[in-house]
Ligand SMILES: Nc1ncnc2c1ncn2[C@@H]1O[C@H](COP(=O)(O)OP(=O)(O)OP(=O)(O)O)[C@@H](O)[C@H]1O
């Protein structure tokens, strides 16, 4: 039945609101499904409308849990992450959630529904796609302003200072947490009793040893343009898709933990944006927030060039994407042997004074400013300790914004 609804909704996704649109209830809220917004590995995201206040639109993420308790607990980790960052600026929060149980053919399966604010402007990937279609590019200052917004939102995870909503909610391995006004069903109460954490038991023990049990930070682990929504005003980025969020640092204390971490990354972190240390997780290393800094470098490059640096390079060379990532093999389109050299805007610390002439303007068209290139280079160091941390990255981006000339209107 559930699959039939997905099929029906995806078939009608291009149609405006049908009179017979399916409806569903999330706790006390009755919602009408308008259309499919997108789909991922195990989830569908629908645009829904409140039946009681038709001007209220939401995005409803439906996470199917086909593999029993394990997949339910993964979905609940995502729900938990929405709560943890519920009041962190620049990070999506959930409005409500529920767990539905379906019984059929003697089997029971669960589906987790998460109600999210709807962002009508879409995400950064949509903007990249529009640029590719229109042969246009982001004005650099506007782009770096958006990028700074993403850095600041990410800082809310990397330097987690707690949230009034989230505090007392995550009780690794034990205890209850307080409600947040959400009308939870019996299933949710069961989950509540068990207590939730973003860590598996092995990870929790390893981390407690490494941090002396102190509160830590979080890594998003799937930063990419498709996971950065644009606020309705058009000026603020919103970090979303918290299904991959993991507590950090994570010391890899055993071979089994290394394999589990690598498998989780393979499932949840998008390959062209995934840091090298997650491709080949080694025992004795520590996986931390630097994985996101790598992905930020890939994201900035994709905004400038149209795709991830490693997708670009593996397309160019015909080589494997993972080998390009592991060896840090990437370049800007106008760099390297055989590349058509364009005059670079702003050598060294910043773009130089504007030089006149139509030929000059034409030559400079499509050229990426040197200070922006440098941000990408710093993020894409194969050795995690050589990458800036989030505060250093914010500082770099603020300096770039200071030296960039105003965008032409
Ligand atoms: N709040 C929202 N507002 C508008 N559109 C949304 C919203 N949330 C998700 N979408 C759309 O649905 C798509 C899939 O969402 P999301 O990334 O959360 O799903 P996912 O299953 O985790 O995807 P992935 O496999 O790419 O990680 C997004 O790319 C976006 O187009």
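Placement of Cβ uses the backbone N, Cα and C atoms for every residue, glycine included.
Cross-referencing 165-217, 218-270, 271-323 with TrEMBL places the feature region 'Disordered' at 165-217. Among the residue ranges 111-142, 335-366, the one that TrEMBL annotates as region 'Disordered' is 335-366. Same-chain residues at least 6 positions away in sequence with a Cβ under 8 Å from that of residue 61 (ATP binding site) are, in sequence order, 43, 44, 45, 113, 114, 115, 116.
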